[in-house]
Amino acid sequence: MIKGRLLVGQMSSVVAPATSANTMGPKEVELILVKEQNGVQFTNSTLVSPAQIHPSEEERETWGKKIDFLLSVIGFAVDLANVWRFPYLCYKNGGGAFLVPYLFFMVIAGMPLFYMELALGQYNREGAAGVWKICPIFKGVGFTVILISLYVGFYYNVIIAWALFYLFSSFTGELPWVHCNNSWNSPNCSELWAVNTTLNHTHKFTPAAEYFERGVLHLQDSEGIDDLGLPRWQLTSCLAVVIVVLYFSLWKGVKTSGKVVWITATMPYVVLTVLLIRGVTLPGAMDGIKAYLSVDFLRLCEPKVWIDAATQICFSLGVGFGVLIAFSSYNKFSNNCYRDAIITSSINSLTSFFSGFVIFSFLGNMSQKHNVALDEVATNGPGLVFIIYPEAIATLPGSSVWAVIFFIMLLTLGIDSAMGGMESVITGLMDEFKCLHKHRELFTLFIVVSTFLVSLICVTNGGIYVFTLLDHYVAGTSILFGVLIEIIGIAWFYGVDRFSDDIQEMIGHRPGLYWRICWKFVSPCFLLFMLGVSFATSNPPGYDTYVFPMWANILGWCLAISSMTMVPLYALYKLCTLPGSFCDKIAYAITPEAEHHLVESGEVRRFTRKHWLVI
């Protein structure tokens, strides 16, 4: 028996238009091919009421153009970590050899998870919490990823504020991090390169390092996380500008954010290309690039290299934040999400690799200029983009121009990623609480202002300690946990077979066996392994020589656990509120809401062996 659906308006020659008042409006006709005899096909047709129309047909805002969606996804996935983390990991872990474990984990976990989230959001057309109507007991993981995105916004926006502060400081004839004659400099400041050198047992610091820590952060006015002080007005002003930009990029939904990313998602590639052209012309640049690409396959025997590659995959693609689900929920139902997943995840990895040439061309020049080993200038994290790279730029002719270009790139890299995180929170909560749809502007204002108020703690004198604590705890282990529960809920409880049917309904063909095996077995095992490694290798955070007190680490773990506990807490709540016996509660909790009528008739497909074994 073959089934097909066509709109009545498109089949007026087959079905006579309805005349009664209660049948007006769009209808669907279900054509059922009963049999075929002597070349004649006998069919039966029935009208489907609007209530039976697939949820995907409900009215929902969509992207203005397909390219708006692609740029938004690319802009979110390609963030500051692509510039300050991947090149360093590649250099530290065997150069070109690092690409072997990186690409391996990309294929078995990165792309399958990326594809899964895009398909999940597009089919169900709701945010990170609403999509779990496919398996209600797992709805807590939706709140987990929403909470993680909110937590990340508390400190990620601060990085953008730092970049904005540097951008304003670059509009000067002489960059302020060149000399030691500024009011914020200490007696230990030295304009000579002095990494790991001592003079009378006193550490020396470069002007760039002192500008970041003393001129921007005012770290000298704080003794630790228990001595934060008041917010610095300069950084507070920059943070306020960032929040205003975010609000006006998001307040009207994807119609506005889809236009903003035309600038924020493309500008980094223009700037990276310009910086690369300039970088390769510098003395020593080729030495830096050779060190970046040098292949040492013996390093592949070290477990740490594989762990670094797996960790980078987990965080670089942006799965587990609910952003991909939120963005794809605004796609047209028939959009080819498979092609989108391949394109955007590939561009993300290529950008990471490409940025390494830019970074190491300048680091190679810096190494030669100061006559020190490349190891002494190669670093990762904020130190690379706010200390090492600005210092390298300061040595160039027309340094102020290059500094402006570089920090514009950082701003655009940060803004679209921050927009993605905010959209995850806004879409996720709006789709869960329908009353908010009529007040998107006010709700968006509430979210961004709340984020701003909490972020103020990160722009105090000791704000870098709070920043470090949040960065270490809120989006590490909890992200791995969230994605693990997510893929178990989809691949096992909802079912790979059913999920594949959903994808076929959207794009016209089922995912291949490879993707189904990855979703069912390979990716969950990978995430379980990474979660175990994360717990086993967890160490308390630190900033330079500062050691966090015990209460700070306990607070950090409380933040991490607060998001993860959403899963068991919501599951418990769901079981308590569902009707019937315990078996009935379980049946309702693990069955898609659209199939609850089957549970009422005693047909619980997830209580059968076939459901769990099919791929």
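Quick reminder: no glycine exception, Cβ is built from N, Cα and C everywhere.
Features reported for this protein in TrEMBL:
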TRANSMEM  69-87  transmembrane segment
BINDING   Gly75, Ala77, Val78, Asn82, Ser316, Asn348, Leu413, Asp416, Ser417  Na(+) binding site
TRANSMEM  99-120  transmembrane segment
TRANSMEM  141-168  transmembrane segment
DISULFID  Cys180-Cys189  disulfide bond
TRANSMEM  233-250  transmembrane segment
TRANSMEM  262-285  transmembrane segment
TRANSMEM  305-330  transmembrane segment
TRANSMEM  342-363  transmembrane segment
TRANSMEM  401-421  transmembrane segment
TRANSMEM  442-467  transmembrane segment
TRANSMEM  473-496  transmembrane segment
TRANSMEM  517-538  transmembrane segment
TRANSMEM  550-572  transmembrane segment
**recorded positions (Cys180, Leu413), the one with most neighbouring Cβ atoms at 10 Å** = Leu413
**Request:** Show which residues of the chain containing Val78 (Na(+) binding site), separated from it by at least 6 in sequence, have their CB under 8 Å from its CB.
**Result:** Ala265, Pro268, Ile347, Asn348, Thr351, Ser352, Leu413, Ser417
**Message:** With a cut-off of 8 Å between Cβ atoms, can you find at least three pairs linking the transmembrane segment (342-363) to the transmembrane segment (262-285)? Only pairs 6 or more residues apart in sequence count.
**Reply:** yes
**Asked** Counting only pairs 6 or more apart in sequence, are there at least 3 Cβ pairs under 8 Å between the transmembrane segment (517-538) and the transmembrane segment (262-285)?
**Response** no
**Fill in**
Same-chain, non-site residues whose Cβ lies within 8 A of the Gly75, Ala77, Val78, Asn82, Ser316, Asn348, Leu413, Asp416, Ser417 Cβ center for Na(+) are Ile74, Phe76, Asp79, Ala81, Gly318, Thr351
**Message:** I'd like the Cβ neighbour count for Cys189 (disulfide bond), meaning other Cβ atoms within 10 Å of its Cβ, all protein chains included.
**Reply:** 20
**Prompt:** Would you say which of the binding-site residues Ser316, Ser417 has the most Cβ atoms within 10 Å of its own Cβ?
**Reply:** Ser417
**Item:** Cα separation, Gly75 (Na(+) binding site) to Cys180 (disulfide bond) (Å, whole number)
**Value:** 37
**Message:** I'm trying to understand the geometry here, so how far is the Cα atom of Ser316 (Na(+) binding site) from the Cα atom of Cys189 (disulfide bond), in Å to the nearest whole number?
**Reply:** 36
**Asked** Do any residues of this chain, six or more beyond the ends of the transmembrane segment (442-467), have a C-beta under 8 angstroms from a C-beta of it, and if so which?
**Response** 150, 153-155, 157-158, 161, 213, 217-219, 221-225, 227-232, 235-236, 239-240, 243, 246-247, 250-251, 422, 425-426, 429-430, 436, 543, 546, 548, 552
**Item:** Contact between the transmembrane segment (233-250) and the transmembrane segment (305-330) (at least 3 Cβ pairs under 8 Å, separation 6+)
**Value:** no
**Fill in**
All chains considered, the count of other Cβ atoms within 10 Å of the Cβ of Gly75 (Na(+) binding site) is 27
**Message:** Please report, as numbers and ranges, the same-chain residues at least 6 past the borders of the transmembrane segment (305-330) whose CB is under 8 Å from any CB of it.
**Reply:** 60-63, 69, 72-73, 76-77, 79, 81-82, 85-86, 89, 92-94, 97-98, 101-102, 104-106, 109-110, 113-114, 117-122, 124-128, 131, 142, 145-146, 148-149, 152, 253-254, 299, 337, 340, 345, 348-349, 352, 417, 420-421, 423-428, 431, 475, 479-480, 482-483, 486, 526-527, 529-530, 533, 537
**Range from 69-87, 141-168, 401-421, 473-496, 550-572 with the greatest count of C-beta pairs under 8 A to the transmembrane segment (99-120)** = 473-496
